[in-house]
There are 2 protein chains.
Amino acid sequence: MQQLSIIKVGGKVVETPESLQQLLNDFVALPGLKVLVHGGGRSATKVAEQLGIETKMVEGRRITDMETLKVVTMVYAGLVNKNIVASLQAKGANAIGLTGADLNLIKAIKRPVKNIDYGYVGDVESVQVEELMELLNKKVVPVIAPLTHDGLGNMLNTNADTMASALAGALAKHYRVNLVYCFEKRGVLSNPNDDDALIDKLSHPLFKQYQQSGVIAEGMIPKLDNGFNALNKGVEKVIITNTEGLKQGFNAGTVLVL
Amino acid sequence: MQQLSIIKVGGKVVETPESLQQLLNDFVALPGLKVLVHGGGRSATKVAEQLGIETKMVEGRRITDMETLKVVTMVYAGLVNKNIVASLQAKGANAIGLTGADLNLIKAIKRPVKNIDYGYVGDVESVQVEELMELLNKKVVPVIAPLTHDGLGNMLNTNADTMASALAGALAKHYRVNLVYCFEKRGVLSNPNDDDALIDKLSHPLFKQYQQSGVIAEGMIPKLDNGFNALNKGVEKVIITNTEGLKQGFNAGTVLVL
């Protein structure tokens, strides 16, 4: 099987022009087939603010009412996605920008209302990679925005980490997949204030232990759940690292093991 | 050669939810391979207004400064394009939303400044349909937003009629292409205020004569130039009609002949 790298980038990295260009240079330099999954939350918050739409977050998740859905569709699938695609084309990668609606790539279900009504937020239901694979095999580089659709005509806002994990899991049947979560820090830290406190190898039992003791908390928990889910679906390697780590051949940062 | 229909829709049709859904039903019902090219100017003007960005038009063309480029990228490639894609998926068509940057489909050159500086507006330079054809042959339905890229990392605002013509011309080497310009009126009218004054067949010499006498004027001129360009590149049929005409098997409205 061919090797395929799925790189998820989010946070400031993707939304500062200089760091984005640097990241895309490193991404283009990666060998083999590849997919980029991006966020764009900061830009969405900024555009929402300019439009006078209040941003509501609960536990780090955006409450997506109808107006906010329009904003994230514009910002993620339009502004952020197409600027990445145009930049990659300029760097010689034949990029294509996609959401989960395109090619019916990722279908989701609107999150059921329990304690909190997240609005137009999608939980991944199915992944359909047949046409995506045709493109990959022609050396096309998919650039995926964090949006899905419900199969009923509506777009849904979906977490980019989850989309990367779902794609990696589905593609693991056809490729030897490396999944890289690329963010600001060196990897998973045993002390969030000490960048030297890198956990270089994190097993699932150790993760659960750290979670219980509070060493690993907040946004890192769903990210790691997504990472371990991908491993469980046959993804060969999952690492969590920063842009520096991206250059080191999938051996930097925190490596997850089952 | 297989038949391929390229339908360009613009104006109110694409920006009123009810008429859009009706149009998409008719589009899905068309036999054979198909491509949809859409506009979105009214939505762009509305979002620009909400963002406090002034819309400047010269001879019906949008002056695209950096802020306006962001708006049209958000609205055309994000909001309008992805809502069409999600709707088509719900209607059973495996749609994919693309700009000229995706798959390097349409590369353009930033319009040189002569009397007017149009800003980030692209004039089509080259069309590359290899990967698009792979998708078409898998029954995927491309939905094209009116944006191109310059190959240097920038998106460019590009006229949707021109993009439809350029695509039709490039695809005419591989398919028997019908190009339909679908808009509010029944077709080209010899009296713009009389919907019964339909010119059902318009030859190029007659077009030039009507242009000189002022019977055909304003926005219809570049549309017809685009239509005749497509015929010159081997497109089998070019018609100009409304959504009613779309249902009548490429025999309604105004048929262009060389």
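Glycine is treated like the rest: Cβ placed from N, Cα and C.
Since the structure is predicted, the reported quantities are computational estimates derived from the model, not experimental observations.
B:Asn157 is the residue from B:Asn115, B:Asn137, B:Asn154, B:Asn157 that TrEMBL records in the substrate site together with B:Gly40, B:Gly41, B:Arg62. Spatially close to B:Arg62 (substrate binding site) yet at least six residues away along the chain are B:Gly41, B:Ala44, B:Thr55, B:Lys56, B:Thr68, B:Val72, B:Val121, B:Asn157, judged by Cβ distances under 8 angstroms. Spread of the substrate binding residues is 12 Å (greatest Cα-Cα distance among B:Gly40, B:Gly41, B:Arg62, B:Asn157).
Among the listed binding-site residues, namely B:Gly40, B:Gly41, the Cβ with the most fellow Cβ atoms inside 10 Å is that of B:Gly40. B:Lys8 (site 'Transition state stabilizer') and B:Gly40 (substrate binding site) are 12 Å apart (CA-CA, integer value). A gap of 11 Å separates the Cα atoms of B:Lys223 (site 'Transition state stabilizer') and B:Lys8 (site 'Transition state stabilizer'). The residues near the substrate site, meaning same-chain residues not in B:Gly40, B:Gly41, B:Arg62, B:Asn157 whose C-beta sits within 8 angstroms of the mean position of the site's C-beta atoms, are B:Gly39, B:Ala44, B:Thr45, B:Thr64, B:Val72, B:Val75, B:Tyr76, B:Pro146, in sequence order.
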